[in-house]
Amino acid sequence: MTNRQANVVSGLQLWQWRIKANQAAIAHNIPIVEVDWLLQEIAGLDRLALRLESFKDCSEVPMGLSLDKLDQLWQRRLGDRLPVQYIAGVTPWRNFRLTVSSAVLIPRPETECLIDLAVAAVANSESALQLQQGHWVDLGTGSGAIALGLADAFPEATIHAVDCSLEALAIAQQNAQNTGLVDRMRFYQGRWWEPLTLLKGQFSGMVSNPPYIPSDIVPTLQPEVVNHEPHLALDGGADGLDAIRHLIEVAPSYLRPEGIWLIEMMAGQAEAVQALLLQQGSYSNIQIHSDLAGIERFALAEIARGMV
Ligand code: GLN
């Protein structure tokens, strides 16, 4: 949060606000930990100070927002189910603290696994040395989370990040600036591979968390998701697979032999995605991986040698 000094409250006022917020969280069935998480982000308090309530005796606590504004946003958490990450404007993801707004999907903990899967796929490849260098792409980058994870994991690679939303790209670029990885990253507005035609056949890997929710399921998601997160990042068409089908079809002309193809998908889609990859004919070593909840969540493949 910027400009914390501009909004100062007394520890006692904040202590009183916290008590009311905790009670309201319980009454509205919102995890109570969200209150302290907000206070850590917005008032810079640490967990110990919150636990011992030692901040109560501070005469001044500098905040990133005025107490009125914080309370207004908290009322939207309760009433409109506004996600707490959009209130704080940040979310933790892997080793990053990422800026988020309602222009981007809040990066999910399970998506963190994509980076570990990419690293393992490279390590297991006969072309490991070449793959850890060269060009990687995050298609539909949103907040830039996956692109940043790749930049961090592959220090010799150049990371390309594509999104069709200019608003999302602005957030991704800001996150890249904040993490100091921006020098090895490139940003493009466009549809999937389209802005990258000059690099056809050269990519070491593609990673994507595309929209994959079937259109008729989108309205049934939690209100936090359906009322506040961008549908562009969620709605995958009639069966949820529109974007994934496109990525399967087009990627072989952009990836190098043995290049890595890796996506996140929804529970229940693994079989269909595996069949589509097989049917396309250019992929080998097709694998499905589960997330930490045991849900088949990721599909991984490589471009078969001699197929491109
Ligand atoms: N995992 C997200 C959710 O829980 C969906 C992300 C996506 O469609 N790529 O809503």
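Note that the numbers count up from 1, one per residue, in the order the chain is shown.
From the backbone N, Cα and C atoms, a Cβ is placed for every residue, glycine too.
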- Same-site residue for S-adenosyl-L-methionine (record: TrEMBL; known: Gly140, Thr141, Gly142, Ser143, Gly144, Asp163, Asn209; options: Trp192, Trp193): Trp192
- Item | Residues in the domain 'Methyltransferase small' (132-212) grouped by DSSP into helix, strand and remaining coil | 32 helix, 24 strand, 25 coil
- Rounded to a whole number of Å, the separation of the Cα atoms of Gly142 (S-adenosyl-L-methionine binding site) and Pro211 (substrate binding site) comes to 11
- Should we count any of the binding-site residues Gly144, Asp163, Asn209, Pro211, Tyr212 as near ligand 1, judged by a CB under 6 A from one of its atoms, and which? Asn209, Pro211, Tyr212
- Item | Additional residues around substrate, ordered along the sequence, whose Cβ is within 8 Å of the centroid of Asn209, Pro210, Pro211, Tyr212 | Gly140, Ser208, Ile213, Ala233, Leu234, Gly236, Ala243, Ile244, Ile263, Glu264, Met265
- Message: Nearest by CA distance to Gly140 (S-adenosyl-L-methionine binding site): which of the binding-site residues is it, out of Pro210, Pro211, Tyr212?
- Response: Pro210
- Item | Distance in Å spanning the most remote Cα pair of Gly140, Thr141, Gly142, Ser143, Gly144, Asp163, Trp192, Asn209, given for S-adenosyl-L-methionine | 16
- Show which residues of the chain containing Pro210 (substrate binding site), separated from it by at least 6 in sequence, have their CB under 8 Å from its CB. Leu139, Gly140, Gly236, Ala243, Ile244, Leu247, Ile263, Glu264
